[in-house]
Every structure is written in C-alpha cells, then in structure tokens.
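Notes follow once the structure below has been shown.
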C-alpha cells in the first residue's frame, strides 16, 4: 500500500480525486441527510405523553409517519453507500452494456428517491402541523430535523438524477459509428460534384498531365509492326 509522503501526494491520490467528483459528493450528502432523518426519529422520535408513560410517535402520534421516515432514511442511506462503492469500481467495467445499464439504473433510482422524499416531506410536515403543541415532553427537535433534511434530500436526489442523465447522455455508445462515417466518405466520393464544390480541372498546357498523356497515347495504344528494308544491288 502506497503511503503519501506529503499533502500534495495525498491531494493527488486516486481516492481523493474520486471523492472530489460531483457524483461522489452528491452521494455523500444524500447518505448523510438520510442518516440524519432516520437516526433522529429512531432515537427521539418516540416519546411518552405528559399524562402516561406509553411511547408514541412525536408526529401527531402517528406511528406510520415515523416508520416511513425511518425506513426510507435507512434504505436511502444504504443505497447511497452501495452506489458510492460501485462508482469506485466503475472505471474497471470492461463491458459497455453493463456500464450503460448501471448508469440507467442510477438515473431511475435517483428519480424514484426524489419522488419518495417529496411525498415523505409533505406527509411528515402535515403530521407535524397537526400535532398538538407541547403534547410531548421531548422529541420536537428530532421531528423538525427529520422534516428539514427530508426537504434537503429532495434537492440532492434531483441533482443526482441530473448528473446521472448527463453521464448517460455523454457516454451513450453510437452503434456502427465507424461504418456510418466510412459510408459517408464513400458516398461523398461517388456523388457528382455540386455547383458549390470546387472542381479541379486538369491544365491543357504543354506541361500539363493531359497534354503529356495525349502526346504519348498514339505510341502506347497502337504499336507499329517492324518494316523490311530493301538493300540496293552493287
């Protein structure tokens, strides 16, 4: 294992360059926001009321709201970690079809998670708005943190979908590109010259190639037979 000897070597290392990519930064933010959502409700999201010791969800005593937020946050956190690990090995993918399928899956999941967090944010905000004030002793800060970072998760996953779409569009292979280029060259060379295209006409002077070929053509095309010479008698 190579240990960097200076800060410049550390900054130029492959791991640091990978973490500086916009896609990697976006996945890290998405994972951190998801971690805050499910951890805040998992720890302080269930509190007892002032009149009894039974635990209830701080979001309008609706256990479904807390369960959805915890489940969505946990799955989004694991999804961000999984795709971050796959991004690290993306350069080693030899198959172009597999790489395209991976980018398409990344785009689809980013759009799905953006929609999930949009619905979740609206649902959590609605349940918190319906919660009676000072109904629980603790847990209000956890509920506000979950709602806030649910909204931030919408923006992060939308940007992640945008990055995935740009990468898919830029890296999409064009089938038969070389064949089409070669066919275009052949058709261009066989097509008749247009009025706009320059036509190179050979010169007809004594030093031109057409003059030389015309002057040599009779000797090259019709060879003469040998003649018999008559010698006079002495």
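Even glycines carry a Cβ here, placed using N, Cα and C.
Feature transmembrane segment, per Swiss-Prot, maps to range 66-86 of the set 3-23, 66-86.
Confidence in the domain 'MARVEL' (18-169), given as mean pLDDT, stands at 88.
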